[in-house]
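A.B. asks: The structure under discussion is supplied below as structure tokens; questions concerning it will follow.
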Amino acid sequence: MGKMAAAVGSVVTLAAEPGEDAFRKLFRFYRQSRPDSSDLGAVIDFSAAREARGTGPDARKVIRSQLSVSSVSDHDAHRAGLQPVSKWQAYGLQGYPGFIFIPNPFLPGYQWHWVKQCLKLYSQKPNVCNLDKHMTKEETQDLWEQSKEFLRLKEVNKRRPRSLLEKLRWVTLGYHYNWDSKKYSADHYTPFPSDLAFLSEQVAAACGFQGFRAEAGILNYYRLDSTLGIHVDRSELDHSKPLLSFSFGQSAIFLLGGLKRDEAPTAMFMHSGDIMVMSGFSRLLNHAVPRVLPSSQGEGLPCCLETPLPAVLPRDSVVEPCSEEDWQVCTSYLKTARVNMTVRQVLAIDQDFPSEPTEEKKRDITTEGFCHLDDENSQVKRAKLNPDS
């Protein structure tokens, strides 16, 4: 991956299409970019920040962010699988107040738990996923059990059909986001996972947001040909609380823009274990993922995922053991994929949802939600999957 040097010439010379705004222009450029080429020279790599700040215009935006070290005990950090906050590196960007980037603060091996939860537990009912639109609840009851043997045989039979897990594009947790109405409601709720809530609370507190409540989650499952369209997360009713983002698996390019799409975005790498926090001014900025990057070693895992989860965990850890068999399935999946968890607080303290018309309350989100991730092999029209394309 490129360091933080910013060679912007190739971006500047990209010809704009008629009516194309500055954000869409760079989105298109990075979607078509070639890995390990000068195409990625302008992409900020926060994991390289300690070695080199770079000299390009975007690299010079990088500043250090202060964390609230005393807000999270070392013990609570360990319970969530995190290093002590005093050991985290945190960065921001000039011009983007409230944006915090934390390069992989997880303890060695502990990402295994969160990957396994995304694939094995969080994908289960009663949580909602994109497959519900075309399949019955019985058919999507346990995607892990239906997919694990397919994934174990992936290396043997590369021509086999995709498993259900490989067809998964999104899962919603807690207050379930309605992709059609772009709203949350009290009627569409299932208990939020306690382990992910605890992880989120520690990260939020370390960033100065004590009392953060994890109420809704959207998990995105990316294949190498997937993109996430340009959008703003504005559906939560309380924008004073941050949006937390956790990445696992293959690296991706993230674009962070302005309040309007005619502002050119800043590009940055997201590697496995990286955490992003969007708060304050940055909470309502346009952002997108135009590219998931294949491993430079072919179908391989990032180095940080090669260390196994320790056999002995803290007695009160929210992290659970991961068997070799389970990790074999996760490994097969992640060799050509990326998983991202975003966690939000929907309501302010003592706030309620506004009343909705009776007919809207009756609608079933499990049959009307559609995936906002786009990939080249989707049979659903690209325009509907990614309205920003």
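Keep in mind that glycine also has a Cβ here, set from the backbone N, Cα and C atoms.
Per TrEMBL, Fe cation binding site is recorded for His231, Asp233, His287. The domain 'Fe2OG dioxygenase' annotation in TrEMBL covers 213-347.
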A.B. asks: Could you tell me how many residues in the domain 'Fe2OG dioxygenase' (213-347) are helical, how many are strand and how many are coil under DSSP?
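C.D. replies: In the domain 'Fe2OG dioxygenase' (213-347), the DSSP-based counts are 19 helix, 48 strand, 68 coil.
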A.B. asks: So what's the average pLDDT for the domain 'Fe2OG dioxygenase' (213-347)?
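C.D. replies: Reported value for the domain 'Fe2OG dioxygenase' (213-347) is a mean pLDDT of 95.
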A.B. asks: Taking every protein chain shown into account, which of the binding-site residues His231, His287 has the largest tally of Cβ atoms within 10 Å of its Cβ?
C.D. replies: His287
A.B. asks: Taking 10 A as the limit, how many CB atoms besides its own sit near the CB of Asp233 (Fe cation binding site)?
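C.D. replies: Asp233 (Fe cation binding site) is surrounded by 17 other Cβ atoms within 10 Å.
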A.B. asks: Other than His231, Asp233, His287, which residues of the chain come within 8 Å of the Fe cation site, judged by Cβ distance to the Cβ centroid of those residues?
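C.D. replies: The answer, listed by sequence position, is Ile230, Val232, Leu285, Asn286, Ala288.
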